[in-house]
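Colleague: Submitted below is the structure of interest, expressed as structure tokens.
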Amino acid sequence: MREPLLQGLRTLGLSEDCVPQLERYGELLLKKNEVMNLTAITAPDDVARLHFLDSLALLNLTDFCGKSLVDVGTGAGFPGLPLRICRPDIRLTLLDSLGKRVTFLQEVCDALGLEDVACVHGRAEEFAAGHRESFDLAASRAVASLPMLCELCLPLVRPGGAFLAMKSVDCGQELSAAAKAIEVLGGEVEEVRDYEVPGAAVTHRLISIRKVRPTPAKYPRAFAKIKKAPL
Ligand code: SAM
């Protein structure tokens, strides 16, 4: 995976210093993936492009400098962990509802010496009770449709902060369907930007939602309600 990583980092204008840690992470991911379900992407070069570089492309779209970031439904660590590896000033919380994945993430952080990364086993809608409006940024990829995702993520973001939803380019209808949720939860769409994943011949979309008002206390609701009646 070294070559696509080096080329992709050059394309993104990012330092190559993080390559050894990303390679180690990739090794740990593919080894653990043999015994548990972490990713459907198993070719090392594809991991480099579709997981690492897709995550790292965000560094050119948002200011992460010194910010606290919660990655909601991080799975095997995407997008949060590659971002933190390449930008050590990000104060990162990785949140996932599946305990085995969080155990894996803790193992990766231990192996890479990332002592300040919080790996949290929990559901976003429950985590909000103790961490309401306490992050500068929330990010999420491949977790839920945008109306549901907004209710999971926006309550965690402080007013003035932002929620970054990583989506495919055909998410137009999802974005329209989320208009009410965004408004009710105190957000405002700030920017919708398409970006190319270096070396992958694929374009993805980042929806940046600014938190302009506090989220009303009754949100997030229990997951069954979020699912049954999305805002
Ligand atoms: N974000 C990663 C990525 O793009 O590779 C993982 C995506 S995976 C398809 C979705 C993850 O979201 C799973 O690991 C699942 O356990 C987690 N998840 C789903 N609902 C969640 C919730 N309410 N709170 C926290 N994690 C959740």
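Our numbering is plain: 1 for the first residue shown, then up by one each step along the chain.
Keep in mind that glycine also has a Cβ here, set from the backbone N, Cα and C atoms.
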Colleague: In TrEMBL, GLY73, PHE78, ALA124, GLU125 are given as binding S-adenosyl-L-methionine, so which of ARG87, ARG91, ARG141 is in that site too?
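Modeller: Only hit among ARG87, ARG91, ARG141 in TrEMBL's S-adenosyl-L-methionine site, alongside GLY73, PHE78, ALA124, GLU125: ARG141.
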Colleague: Per DSSP, ARG141 (S-adenosyl-L-methionine binding site) is which: helix, strand or coil?
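Modeller: Strand, per DSSP.
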Colleague: Taking DSSP as the reference, which of helix, strand or coil describes ALA124 (S-adenosyl-L-methionine binding site)?
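Modeller: SS state of ALA124 (S-adenosyl-L-methionine binding site) = helix.
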Colleague: Over all shown protein chains, what is the count of other CB atoms within 10 A of the CB belonging to PHE78 (S-adenosyl-L-methionine binding site)?
Modeller: 24
Colleague: Tell me the Cβ neighbour count for ALA124 (S-adenosyl-L-methionine binding site), meaning other Cβ atoms within 10 Å of its Cβ, over all protein chains shown.
Modeller: 27
